[in-house]
Amino acid sequence: MLDRGEGSTTACCSIKQLKSLEMSLMLSKAVLMRCPSCADNFAHLHCINTCSPDQTTTINVTRTMNITTLGIVKEAVVGYQAYLSTSFADKSFESCKNVRIPATGGYAIATMCGRYGSALCTAQRWYDFQGDSSNGLAPLDIDFRLIPEGVTEGIPDGVVPYAGRALGCNEMTPTGAEVCSCQDCQASCPVVPSPPPPAEPFTIGGVDGYLVLCVIFLCVLILAFLLFVLSTYLLRKEEGKDSEKGKGKGKGMDKNGNNVSERLIEPWEVTCTDKNSLATQEFLGSGFRAWGTLVASHPLKVLLASAVVTAAFATGLMHIELTTDPVQLWSAPNSRARMEKDFHDKHFDPFFRTNQMILTAPGRPGHFYDSLLFGKQNFSGIIAKDLILELLKLQKKIQFWSNDLNRMASLKDVCFAPLNPSNPSLTDCAVNSLPQYFQNSVDNLNAKVNMTELGVTKEVDWRDHFIYSFVISPLSDEGYTTAEALILTFSLNNYPRDNVKFKVALEWEQRFLDIVQEYQKSPGNPFTFAYMAERSLEDEINRTTAEDIPIFMISYAVIFVYIAVALGEYTSFSRILVDSKFLVGLGGILVVGCSVLASMGFYAWIGIPSSLIILQVVPFLVLAVGADNIFIFVLEYQRDARRPGEKREERIGRVLGNVAPSMLLCSLSESVCFFLGALSTMPAVKSFALYAALAVLMDFVLQMTAFVALLSLDARRQDGNRCELACCVSVKTTAPSKPNEGFLLPAMRKYYAPVLLHPVTRVIVIVVFIFMFISSIYLMFYVTVGLDQELAMPQGSYMLEYFKYLYAYFEVGVPTYFVTTKGFNFTSIAGMNATCSSVGCDPFSLTQKIQYATEYPDLSYMAIPANSWVDDFIDWLNPGSKCCRLYSIGPNKGKFCPASECETLSSLFTIKLRKSKVTCVSVLLATRFMAYHTALTTSKEFTAALKIARELAHNITLSMRSIPGTSQDFEVFPYTVTYVFYEQYLTIVSEGLFNISLCLLPTFVVCCLLLGMDLRSGALNLLTIIMITVDTVGVMTLWGIDYNAVALINLVTAVGISVEFVSHMTRSFAMSIQPTHVERAKEATATMGSAVFAGVAMTNLPGIVVLAFAKAQLIQIFFFRLNLVITLLGMAHGLIFLPVLLSYFGESACVCACVGACQPTD
């Protein structure tokens, strides 16, 4: 500028004036020094205007005044015109307009452009503010005139607009200062390739690729099946011709046209599988026959023993822990998000508790205000003095008596107060609200003062202060005077749950909710608003669970009434009370209840916590399994005739021997399925699987003991013609000698099975179910993954209104911290450069990479770049700053001095500090850099934001590890309060496939083992269960049911219920001694299908329908809708598809006949 070297530099000002100029520029330099060329340009102009020997050629003095100094009267300039070329002015402005203030996240220019802020600031407005003495910063009035090149009109004679060289922000200064950083200067930014766009949808020839593949797969399967049917038909037709010619002697046709073999089975035709199957069935049947006879012979002893064992298990309920914390429910302790949360909370304390109100004043008229400082401004209806006073009155109301503190408690006892955490006052509390801009003072709101601006004197009031507060803020780009809503946020400390102040915080939040709800109902309330407290989500979930308990009780009552009524035989009106099975039904329900209690008690004993979802789902699941087994056992007993000379107890044992292997098959498959499901990493899924597995196992054990004993007592009563509920009363009408088949079995045998297994119907069924299966595979690719938080709330909850307000009025998302672990040397110059964003920093530093991400918010979900404490530290160490750092003289020499001191250190000592010769800590264990996400509204967006943030943090980690001295286990990870809930959706698809596969595996293995290594039956059984599960996911897509951990629990449950629909039928078909596939399928459909329909389908459906009246959306969607789908699809596949499938592909007739009836001899 003026420096021409020692002895050659001339200046039109004294040493005193130079020092005065230096002091005047100090404040602006502190703000602009992040960009040396900007600070240089700023000082350049004022130095030229003040001290240039040629200043008369660029300025025109317009006003002077006489001042007296030391008795000497001197003329002083108090106003002048400064003429600048637009090229110099514009380039200077361009070099400064993007310089940031890291502490606020805003632009420095916003503080230097008056009412216009950064958004509306121009070169002329910037210079106008610098020359306006009324702003309290300029020492005199300067009228800056920006003159375009070649324009001479209006310029005084002898004046030439100053057109010196202004530095670009990407240029070094003459003194050697480096170019500005990318964050402060776009021209300094390296060329960063744009992130790749989201992957295009998979297409084939411009059509949905998954659809094309599924259509091809569908056509192949249907064509293969039709070819199989055609070839089978032609083969049978050829065999029929051979039969007419005398070939195949002994063969004939049954009434359905199927081949019937009447020849004897030769010993060599019996395979190892046949022998194993026969031996397995004989072993299981004889074992259960003996067991059933024993139990039926001693019913009271068995009931007593069962009660004692159940009570022993159930006493563990005294120690039960009910987990309600969502973090503990859905995030595993060893999951990445949970460990990162624990690391963050350990080093920085848990994220503060948020309590918030979003207030609007719809219909309230706005007004215009002609501000002296900012011109005419439009104020919306919500920005009104009376509303601000009302809000201030509301926020001071909350105080209560705390039993834990034994005194009155208020906000200061629990508030988040980062500047005075040990002993905060109300003014220290972090309360974000409009009254805070007036220090929560009514006097400040009412204050008025006369002010002069550019020669105009006018009264200013709270509105001018409001505008100014936002104009100089980092939010100055928006028109906040026309805001539609006010936001009031109380931040509380998030104490550990065992801390006494945690209870006080909960009490404060409850008092907050009480006051807000009362205020909302008051007639004088001028606001329309929504609100929430940190405890609200957990409270609302617990409240709706408690309110919906009666719904579950009604559901179970409906199921009980159905079981009690449906189990009865009802041979005549006079024997209704004799043949009814009310007590047997009640006993079956009690067996289910006892199994659930025993399971819960056992796990309570060993310290595995329960949850509300276990209380809701496990009884329903065990009831579905238990009711099916009860129906199969009781109906088989009713349909069986006592053999001559056979005792009642022996009959019960024989019936149990017939059906118990099937009950064992299902119960063991389900129990092993759930035990394997406990390998899940999700705590809620894991605990559910453990509780369900043991409950199913206990249910089977109690059915084999207590229920058999109950049936024995009931059979004794029925044989004595005694009435139920009044055992002393007997009837004279005797029971019919012929077994009672009821209504369902004859109907299915006579009508349903023949129609279902008609040749044409069978083809249609297979084609339709193949179409359903392939369609569901296609729909699986489009199921929505996640759980929007609104669905966790009951209908009518105040939280639903809060979410609407949140999405409507919030324009920025949650803060996210990029946390560093130990192992990085922040004290080295390279280390500091890798984390800062000011001049001289690495253009690919931690903060710069986050800055680049914010340039693509639609892809990165990052809205505001990270603040860097390293930048603040460097600014604090800046030699150009007058801040005190260490005492250089006096008794405290060498010690840290507070910011209130003004002592200046020598430049030498400052350089030593910058080189980190003096440090406060030896190892930095953790630090964090705070940025902000964009406004996230859906589960999909929260999950995507987490994924992108982790990718960004991983990239930063790799670059920082390359710095010498950095530990290879050093890591940067992103953290915000929501990540721990949404991490599961990154892996829930693979987690679900793993869990469901583990559940499917035992259904195949157990079926094969209990059927004597019958691989074909096991495979068909497995295929049907897979189809039910896949079809369930397909219907979820169509019905808008999202896939999440709650849905996964229900899908695991679906596998268990599917076993009930399928495995009984498969075993019944395998054990049938009918000669053909179709005849065996008919028999299995009629006998076992009727029991399955009555025991599973009709037991579940009434109870499920009742759940439609629940208030909780989670119950309506994931318990009513999803369980309805599971039951209907299970019924359709078990009673329609599976019989047809077995009729085509089941084990051969010869083998089955041999296993069931033949006794080959050597």
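Just so you know, glycine gets a Cβ as well, placed from its N, Cα and C.
Automatic prediction, not curation, is the source of TrEMBL annotations.
Listed in TrEMBL for this protein:
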- 210-235: transmembrane segment (TRANSMEM)
- 548-713: domain 'SSD' (DOMAIN)
- 549-570: transmembrane segment (TRANSMEM)
- 582-606: transmembrane segment (TRANSMEM)
- 655-682: transmembrane segment (TRANSMEM)
- 688-713: transmembrane segment (TRANSMEM)
- 759-782: transmembrane segment (TRANSMEM)
- 802-820: transmembrane segment (TRANSMEM)
- 993-1013: transmembrane segment (TRANSMEM)
- 1019-1039: transmembrane segment (TRANSMEM)
- 1046-1066: transmembrane segment (TRANSMEM)
- 1086-1110: transmembrane segment (TRANSMEM)
- 1122-1145: transmembrane segment (TRANSMEM)
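Counting Cβ pairs under 8 Å that are 6 or more residues apart, the transmembrane segment (549-570) and the transmembrane segment (1086-1110) reach 3 or more and are in contact.
Only residues 6 or more beyond the boundaries of the transmembrane segment (759-782), in the same chain, are considered here, and those with a CB under 8 A from a CB of the stretch are 210-211, 214, 217-218, 221-222, 225-226, 229, 1027, 1030-1035, 1037-1038, 1133, 1136-1137, 1140-1141, 1143-1144. Panel annotation: around the transmembrane segment (1086-1110), residues 548, 551-552, 554-556, 558-559, 562-563, 566, 620, 623-624, 627-632, 635-636, 639, 662, 742, 744-745, 748-749, 752-753, 1057, 1060-1061, 1064-1065, 1067-1068, 1116, 1119-1120, 1123-1124, 1127, 1130-1131, 1134-1135, 1139 of the same chain, lying at least six beyond its termini, place a Cβ under 8 Å from a Cβ of the stretch. Averaged over the domain 'SSD' (548-713), the predicted model reaches a pLDDT of 84. For the transmembrane segment (1046-1066), the neighbouring stretch richest in Cβ pairs under 8 Å, chosen from 582-606, 655-682, 993-1013, 1019-1039, 1122-1145, is 1122-1145. The list of residues near the transmembrane segment (582-606) in space but at least 6 beyond its ends in sequence, with Cβ under 8 angstroms from a Cβ of it, reads 306, 309-310, 313-321, 556, 559-560, 563-565, 567-568, 614, 618-619, 622-623, 626-627, 630, 634, 687, 690-692, 694-696, 698-699, 701-703, 706-707, 710-711, 714, 724-725.
Using a Cβ-Cβ cut-off under 8 Å and counting only residues 6 or more beyond its ends in the same chain, the transmembrane segment (655-682) has close neighbours at 281, 284-289, 291-292, 330, 332, 334-335, 625, 628-629, 632-633, 636-637, 640, 688-690, 692-694, 696-697, 699-700, 703-704, 708, 984, 991, 994-995, 998-1003, 1006-1007, 1010-1011, 1045, 1048, 1052, 1055-1056, 1059-1060, 1063-1064, 1067-1068, 1088.
Same-chain residues lying 6 or more positions outside the transmembrane segment (1122-1145) and placing a CB less than 8 Å from one of its CB atoms are 228, 620, 753, 756-757, 761-762, 765-766, 769, 1016, 1020, 1023-1024, 1027-1028, 1031-1032, 1035-1036, 1039, 1041, 1047, 1050, 1053-1054, 1057-1058, 1060-1062, 1065-1066, 1069, 1077-1078, 1080-1082, 1084-1085, 1089, 1092-1093, 1096-1097, 1100-1101, 1104-1105, 1107. Packing against the transmembrane segment (688-713) from elsewhere in the chain are residues 288, 291-292, 295-300, 302-303, 305-307, 310, 313, 583-584, 587-588, 591-592, 594-596, 598-600, 602-603, 608, 610-611, 613-614, 617-618, 621-622, 625-626, 629-630, 633-634, 637, 648-649, 652, 656, 660, 663-664, 667-668, 670-678, 680, 995, 1049, 1052-1053, 1056: each is 6 or more residues past its ends and has a CB under 8 Å from a CB in it. Long-range contacts of the transmembrane segment (993-1013) within its own chain (CB-CB distance under 8 A, at least 6 residues past either end) are made by residues 273-281, 284, 661, 664-665, 668-669, 672-674, 676-677, 679-680, 685, 689, 1019, 1021-1022, 1025-1026, 1029, 1048, 1051-1052, 1055-1056, 1059, 1063, 1066-1067, 1070, 1155.
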